[in-house]
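Novice: Checked TrEMBL, it gives:
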| type | residues | note |
| --- | --- | --- |
| REGION | A:1-22 | region 'Disordered' |
| TRANSMEM | A:59-76 | transmembrane segment |
| DOMAIN | A:97-289 | domain 'ABC transmembrane type-1' |
| TRANSMEM | A:109-131 | transmembrane segment |
| TRANSMEM | A:143-164 | transmembrane segment |
| TRANSMEM | A:170-190 | transmembrane segment |
| TRANSMEM | A:211-234 | transmembrane segment |
| TRANSMEM | A:272-293 | transmembrane segment |
Amino acid sequence: MSVTHTLSPASTPAPAKPKAPRPRADFECALADASGIGEVQRRLSLPERLANNDAVRRAAVLVLLLVIWEVYARWADNPLLFPTFSLTLETFLHDLLDGTLIDRTRTSLYPLALGYAGGIALAALFTSLAVSSRIGADILTTLTAMFNPLPAIAVLPLALIWFGLGVPSLVFVIIHSVLWAVSLSTLTGFRSVPETLRLSGRNCGLKGVRYVALILIPAAFPAILAGLKIGWAFAWRTLVAAELVFGVSSRSGGLGWYIFEARAELDTPKVFAGLFTVILIGLLVESVIFRVIEAKTVQKWGMQR
Amino acid sequence: MTASSSLELVQVRDVTLQYKTPDHLVTATYKVSCTVEQGDRYVILGPSGCGKSTLLKAVGGFIKPVGGTIVVNGREVREPGPDRMMVFQEFEQLMPWKTVLQNVMFPMQATGKYWKSETRERALAAIDKVNLTKFKDVYPHMLSGGMKMRVAIARAMALEPDVLLMDEPFAALDALTRRKMQEELLALWDQLRFTVLFVTHSIEEAIVVGSRILILSPHPGRVRAELEAGDLSYADLDSPAFGALAKRIHTLLFEAPAPGTSSEGARPLAAAS
Ligand SMILES: Nc1ncnc2c1ncn2[C@@H]1O[C@H](COP(=O)(O)OP(=O)(O)OP(=O)(O)O)[C@@H](O)[C@H]1O
Ligand SMILES: [Mg+2]
């Protein structure tokens, strides 16, 4: 291993420079006239801009899928098994306008918000412990390794025994589904913060909570955001599944219950309308809320392409 | 600590620094001693991998010596602090989520050393000194490597620390910008007379920037010599004095000394005590 390659000792004569493969004549020339470039900056035409817009392209895919659905359903002509899109939309609009769907959605969103917030708060607590002590990190990695693969729906029976039918059980399973996913990605994010960035944070005299809040969290934000997205998807899925198993809680059930009820009545368009709502809300959160957060943070900072 | 001359700002005594990896113990520097006085432009020179960065990080308080002590301003160094601002060798020392201006303002805000109204002005002045005013509202990912380095320098200087620790700050710059930055550093020093520890592996840069030069041996880094750089500058590049000093440094750096014969100036503490 040579440690002196940056400055080779002058005392030893340098080896002769190898000959160029084919010598060519030197030349110097005046710079090309740059004023002829014409438009240096130009706004793209409308079709170009539309084609560059993610939302537009995705909407096009969506429309295509809907058309296929409609055509297939009309061709199959069996509303009991596979209703058309127009019938589904009709049911959806009907239940939306008479307030049933809004009511059901609200019932679902309440435990969801509680569980999601609770899961994130607990994940913050766990990861703070994990970054501040080695035993904390050991505890968290062991717990995540144990519980992350455990489907939330599998702990539902236990939740029912502990908390009975109702919101607390739902919140419990949602916390379970959010907590481990978010902790895992946050911890991974913290661990991959460049050493130099950590040092320059500590150089400013930052310690403890201020260090975590001002350096680690923003530096690990891409990973944290990814964790929040996964956590959201898990939570939403778990909730709908739990409601399906659960059946009715007190007066009214959530979206899962809406679907379950429709199945019992063999009202397939209503089942579809329920699924449609589930997808719509999932899509809305994913592609509106999270996209906006992404564009305003990690993309603006160049931490994610 | 022993009462020493008030001029002595940084005292490094017999400092041995080691890295522990899961299956290796790497000794980066071995029993390094040196004294940096108030207002010194103290250059640490040595071949790549000899432990220059490690020594600087130890003064910064990021690495604990396994042997020896480091005293800055009469206090033993135990942890990092804003009295020793460091410009790191790596580019990713800027916060990607802050603009250039916010990055430069951050240490001033975090330490609360200056009034709120003052931080912005100071930051803008520092950014102007490194010629990045046009880029003050840009995020670091849109800057070139050399520009990021200049932001890091502005950030450290704006805080006016007791000691400025600079780890090859100009290595990533093109020749012209490097020369400009060196001159800027010297002009600034002339104005403020701060103390700076400056790591480089360019002999020329060491002579031009430094007032004193510490020469470390190849890995593991040990003190080989400490020289006075005099007032040589780029204007003297062709002068015999410059050439002689460069040659002397070159010999000290790359020619193995006879075993047992410690070279002149290797024990600066003997004179201090
Ligand atoms: N994080 C680390 N873990 C283990 N060994 C390290 C680590 N950092 C540096 N070393 C080792 O310590 C020695 C000194 O490294 P250091 O970075 O201080 O060298 P340097 O003098 O700054 O070199 P350069 O001029 O190339 O920057 C090297 O042999 C290197 O292999
Ligand atoms: Mg180095």
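Cβ coordinates are placed from backbone N, Cα and C, and glycine is handled just like the others.
A TrEMBL annotation is a machine prediction, not a hand-curated record.
Could you give the neighbours, burial and distances for every feature on this list?
Specialist: The list of residues near the transmembrane segment (A:59-76) in space but at least 6 beyond its ends in sequence, with Cβ under 8 angstroms from a Cβ of it, reads 82-87.
Long-range contacts of the transmembrane segment (A:143-164) within the same chain, counting only residues at least 6 positions beyond its ends with a Cβ under 8 Å from a Cβ of the stretch, are 126, 170, 172-174, 176-177, 179-181, 183-184, 187, 234, 238, 241-242, 245-246.
Counting residues 6+ beyond its ends, the transmembrane segment (A:211-234) has Cβ neighbours under 8 Å at 116, 119-120, 123, 128, 131, 152, 177-178, 181-186, 188-190, 192-194, 197-198, 201-202, 282, 285-286, 290, 293-294, 297-298, 303-304 in the same chain.
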Novice: When you scan the chain for residues with a C-beta under 8 Å from the transmembrane segment (A:170-190), skipping those not six or more beyond its ends, what do you find?
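Specialist: Sequence-remote neighbours of the transmembrane segment (A:170-190) are 111-112, 114-116, 118-120, 122-124, 126-127, 130-131, 137, 140-141, 143-144, 147-148, 150, 152-153, 155-156, 159, 162-163, 216, 219-224, 226-228, 230-232, 234-235, 237-239, 242-243, 246.
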